[in-house]
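**Q** Annotations per TrEMBL:
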- 4-244: domain 'Aspartate/glutamate/uridylate kinase' (DOMAIN)
- LYS8, LEU9, GLY10, GLY11, SER12, GLY54, ASP178, LYS228: ATP binding site (BINDING)
- LYS17: site 'Transition state stabilizer' (SITE)
- GLY53, HIS58, GLY157: substrate binding site (BINDING)
Amino acid sequence: MKPLVIIKLGGSVITYKESKTPKARLSVIKTLAKEIAQIVRIGKYRIVLVHGGGSFGHPNVKKFNLHRGMKTAKQKLAYAQTLQNMLDLNEFVVKSLISQAVPVISIVPHGFTEQEQGGFKGFSVKIVKNALEQGLVPVLFGDGVLDTKWGCSVLSGDTIVSYLARKLKAEKVIFLSDVGGIFEQDPKSNPRAKLIPEVNNRNFKKVLKILASTGTSKINITGEMYGKMVAIRRELRKKSIYIIDGLKDKVLTGVLAGKKIGTKIYFS
């Protein structure tokens, strides 16, 4: 069986994340679709895609506190609109992939997943396994899901990635971000910030201290880079994890070709 790679298309990559209304980076989505198509044609790996929400999800979630549930009529309507926004973004991604002859199947998390007080309880991966066995590329995304206590809550794309990586025994996990890895300083405010090329058991604590003191720890309301690192160490041991710049051409294909790009994370 071919090794499995899970690719997370960050919301900051495929959308204009700071936009107060949904706005997709259509040219970036198109470019990534071409790279993913190239990976699929080469045929070395099985692929699962997960994408974030960016400006299609976060503004409503933040404005109406949907990550803590829904009670009012306004919250319920905002929840419905957020689900539709995420479906719209997923459609942009899926259509771009199909246009590049990638046989994708969209798997919508809110249709089969629920949480309890924002806590992820898992879901059956049978449909994802079946899709892979049929030679398809499953596409999932961070979503608003029903919650048995709060009414609704947020299931982040990162949570889905970690869960699938464990359940499906992924060999590699690639996070496409709007920064090219983990840096000693915030690269957005300091273009000369030094990249940390590898995170492992030896330098993990040092990297956490750096993340706690720099702007790179501030990612979004679904989780910070600091929390992401802790979760990776806890949940994704003995897997090769990469954080790379999804806004640059040929970075995704490059890292799968063995080039040293971005930050590699590996915990034994």
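If you go along the chain as it appears here, the first residue is 1 and each next one adds 1.
A Cβ is built for glycine as well, from the same backbone N, Cα and C atoms used for every other residue.
Curation plays no part in TrEMBL annotations; they are all automatic predictions.
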**Q** Any idea of the Cα spread of the substrate site, GLY53, HIS58, GLY157, as a max distance in Å?
**A** 12
**Q** Where does the mean pLDDT land for the domain 'Aspartate/glutamate/uridylate kinase' (4-244)?
**A** 93
**Q** Could you state the CA-to-CA distance between GLY10 (ATP binding site) and GLY157 (substrate binding site) to the nearest Å?
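**A** Spelling it out, the Cα of GLY10 (ATP binding site) and the Cα of GLY157 (substrate binding site) are 8 Å apart.
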**Q** For the ATP site as recorded (LYS8, LEU9, GLY10, GLY11, SER12, GLY54, ASP178, LYS228), determine the largest distance between any two Cα atoms, in Å, rounded to the nearest integer.
**A** 17
**Q** What binding-site residues in the list LYS8, ASP178, LYS228 lie within 10 angstroms of GLY53 (substrate binding site), counting C-alpha atoms?
**A** none
**Q** Which of the recorded positions LYS17, HIS58, GLY157 has its Cα closest in space to the Cα of ASP178 (ATP binding site)?
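**A** It is LYS17, whose Cα lies nearest.
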**Q** Can you tell me which of the recorded positions LYS17, HIS58, GLY157 is spatially closest to LEU9 (ATP binding site)? Compare CA atoms only.
**A** GLY157
**Q** Under DSSP, is SER12 (ATP binding site) part of a helix or a strand, or is it coil?
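**A** Reduced to three states, the DSSP call for SER12 (ATP binding site) is helix.
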